[in-house]
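Peer 1: Supplied in structure tokens, the structure appears directly below.
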Amino acid sequence: MTTELAAPLAIESLWATGTRNIFVWAAIAAFLLTAALELTGRTRTARTTGAAAWVVFGVFWLLMFPYFAFDAKSIIEGVLSLAGLPLSLYAAYLLYTGRDSLLILSRAVAMMGLLYLPAMTIPAVKVFLIETVAQQAHFGMELLGYSPGIETGKNGYQSRFAFEGYSTYIVLSCTGIGSISIFGGAILAVRAPLARKAKAFALAVGVIWIANLARNVFVGLAAPLGWFDYPIFNTITDTLAGESMVTSFYVSHHLISQTLSVLALVGITLLVVRVLPELFAVLDEILFVLTGTEYDLQSELAPSNDAGTVGQVDAADPGDD
């Protein structure tokens, strides 16, 4: 959710145009090519292409760091974007030197891009998502006794909650499409029966949608109504974000909501892997990149699977071009 004093069109244009756009599109294209090469048995070439994709992906996250850290003033997103470069370079090194199991993670990133970028670049999809979420968030406010109405925000959509004075409005990042793309990409990347993949995706989307609406209602009310306008929070906000930042927005959105979002992603993951244990292969690779340690989360966390043996999810066997 973006404040009325912000410039959402400029924020969204970071993804739609410019240098960052070139790098993210190039990375997604390279990840898709990597997946195609793997599926056709050309694993050796897939390693090289995938390693290049990870390098480009890392540069993209490095380019995003100044925005997250200095414009959006988001500590969590700033740290994550800065960490994106070394982690991506490490993944590139591992894949290039023969860790073929990382191909499944590369495939997941490719699928994430296919899900997210159309929402960013197709106006009809973007408008539908933003205005639908705004209407549903407003309904949630009405259930709590507030009815500010909805009016046109600075992004040109019916997305601003019409409180007098300071208010907020919905942009694409408020719709949950980012989290949906993450889970959707991982689900599409693994090899499993279609019925279980569809069930896992429906579960992830449902929980994300509800949690995201709760977040939008919380921030949409907390910011204009000044729920955190107390000296201690003013001091924290001034220290971390500067005096121009509205305290109740910063605390509710940047500190509380973003922290809870990370915890929610962990919780949703634990729910989804119960339906689709094949996702443990993706999680194992993520943890290896983060820690350098081999994990077998399925043997430690997964419930017994009465339906039978879980399908194989490892990358294709190495082959020659």
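From the backbone N, Cα and C atoms, a Cβ is placed for every residue, glycine too.
Heads up, TrEMBL stuff is auto-annotated, nobody curated it.
In case it helps, TrEMBL gives these features for our protein:
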- Cys174: active site, acyl-thioester intermediate (ACT_SITE)
- Arg215: active site, proton donor (ACT_SITE)
- 22-39: transmembrane segment (TRANSMEM)
- 51-69: transmembrane segment (TRANSMEM)
- 75-96: transmembrane segment (TRANSMEM)
- 108-130: transmembrane segment (TRANSMEM)
- 166-189: transmembrane segment (TRANSMEM)
- 201-223: transmembrane segment (TRANSMEM)
- 255-276: transmembrane segment (TRANSMEM)
Peer 1: Take the C-alpha atoms of Cys174 (active site, acyl-thioester intermediate) and the residue listed as 'active site, proton donor' and report the distance between them in angstrom, rounded.
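Peer 2: With the alpha carbons as reference points, the distance is 9 Å.
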Peer 1: Which one, from the active-site residues Cys174, Arg215, has the smallest tally of other C-beta atoms lying within 10 Å of its C-beta?
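Peer 2: Counting other Cβ atoms within 10 Å of each of the active-site residues Cys174, Arg215, the minimum falls on Arg215.
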Peer 1: Can you tell me whether DSSP puts the residue listed as 'active site, proton donor' in helix, strand or coil?
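Peer 2: DSSP assigns the residue listed as 'active site, proton donor' to helix.
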Peer 1: Which of the three DSSP-derived classes (helix, strand, coil) applies to the residue listed as 'active site, acyl-thioester intermediate'?
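Peer 2: The residue listed as 'active site, acyl-thioester intermediate' sits in a helix per DSSP.
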Peer 1: Sequence-remote contacts (6 or more beyond its ends) of the transmembrane segment (22-39), Cβ cut-off under 8 Å?
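Peer 2: Answer is 15, 45-46, 49-50, 52-53, 56-57, 59-60, 63, 103, 106-107, 109-110, 113-114, 117, 315-316.
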Peer 1: Considering only the recorded stretches 51-69, 75-96, 108-130, 166-189, state which has the highest number of Cβ pairs under 8 Å to the transmembrane segment (255-276).
Peer 2: 166-189
